[in-house]
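> Sharing a structure below in structure tokens format, with a few things to ask.
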Ligand SMILES: NC(=O)C1=CN([C@@H]2O[C@H](COP(=O)(O)OP(=O)(O)OC[C@H]3O[C@@H](n4cnc5c(N)ncnc54)[C@H](O)[C@@H]3O)[C@@H](O)[C@H]2O)C=CC1
Ligand SMILES: O=C(O)[C@@H](O)CS(=O)(=O)O
Ligand SMILES: [Zn+2]
């Protein structure tokens, strides 16, 4: 490849460092050993929260009255799109059955997990959309019990719009708890809640690391840490739109990378010129986030042709990948590594973030190389079954006995032997391990 970095990041997104791992592991251990009291103590320490851990029903009811009708309509619009998209995905999950041998049947089916814990981030921004994405999808999948948690604001708790959304989407219980203490409370079944079988949702590096460390004891959706976004643009792209699309996602936080990949030097230079002015138009905190993200993690990569651009995309595996280039079908067919793909300037990452339908909980930090984003599939276990007639069992039992014996697993072999003896008492079988 002959790519040229017109702007290169000094640092990659800060995830998975060993000090972060040690910090989060210590918090998890403290909370597991100290139970409810330890979780409450951490809520006070990190979020200044001394109110109830479980949001009481009257607070949930009150929240519904505090949300303006126009916002309710927008939340309803987004919820409807995300629910219908999840329902369409669920239809693609089909059971199957095969007669593997005459009289021997095997199949697969899908069973939703019993209890899910949905993390709704809330440190910097009030992520209403994350509540829709995680809870709605769990509900469509058929999860029996859904706990949602989010960081409480001191003296207020979880903001009313988030509480309203959590209820609308189908949360069975809501916890005033963010960060590691929120994740731990759901994983360990604190406050009388069922232990989560599955932890889902995005969050900052503490949240993502807590999920990663708990994986194995519980299922997780994926590594969904600090947001990252890539725009792929050719010479016909609108530099103003491209620059806003990069700045818009950089506001997530100081550690949210945004990358531009292009084969047009003039476009790259125009976008780089525009970025500081556009960032300065954001409100102060957002601008500070975006400025740091662009300065420390922003990259502009100049390629010689579209195939080279596609190779860069695949190598980065961005969470969001927005193509603003000719021949969108070529890109849709060619690209292999992204969380969610946005094709053309008529859509944008923020549409997917908030309201379009596809889920916004997506793999970050290159995890798109091995997984897609949150969907009903993540809440469902693909399990298999088998049954047979006696005649159908016969060749399978013979092969099983001989293979097991060759492996030295006599106990396994006997479970096959005794079936052959029971089902076919008049016959004899050669069940010795083959010598060669
Ligand atoms: N990958 C995805 O699909 C998405 C990712 N995101 C990402 O989620 C993140 C949200 O982050 P935040 O706003 O921070 O909200 P957050 O809810 O993830 O984190 C806030 C919590 O962090 C904990 N915390 C803060 N400082 C701590 C410390 N020093 N030690 C231990 N715990 C600490 C606190 O308990 C607090 O409750 C952003 O990085 C954003 O990019 C957001 C939406 C979607
Ligand atoms: O990572 C993401 O998908 C976020 O950009 C979603 S949101 O903008 O926080 O809603
Ligand atoms: Zn976003």
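A Cβ is built for glycine as well, from the same backbone N, Cα and C atoms used for every other residue.
TrEMBL labels come from automatic prediction, so no person has curated them.
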> With 249, 252, 412 listed by TrEMBL as binding Zn(2+), identify the candidate in 314, 327, 353 belonging to that site.
353
> TrEMBL records 249, 252, 320, 353, 407, 412 as substrate-binding residues. Which of 227, 382, 384 is assigned to the same site?
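So the substrate site in TrEMBL includes 249, 252, 320, 353, 407, 412 plus, from the candidates 227, 382, 384, 227.
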> Taking DSSP three-state, what's residue 252 (substrate binding site) in: helix, strand or coil?
coil
> Centre the Cβ atoms of 119, 181, 204, go out 8 Å, and tell me which other residues of that chain have a Cβ in range of the NAD(+) site.
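Once 119, 181, 204 are set aside, the remaining close residues are 121, 149, 151, 178, 179, 180, 182, 183, 203, 206, 207, 210.
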> Of 119, 204, 320, 353, which binding-site residues come close to ligand 3, meaning Cβ under 6 Å from one of its atoms?
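Only 353 qualify.
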> Anything within 10 Å of residue 319 (active site, proton acceptor)? Look among the binding-site residues 119, 204, 227, 252, 353, comparing CA atoms, and list what you find.
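Those near residue 319 (active site, proton acceptor) - Cα within 10 Å - are 227, in sequence order.
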> Given the binding-site residues 204, 227, and counting only Cβ atoms in the protein chains shown, which has the most within 10 Å of its Cβ?
227
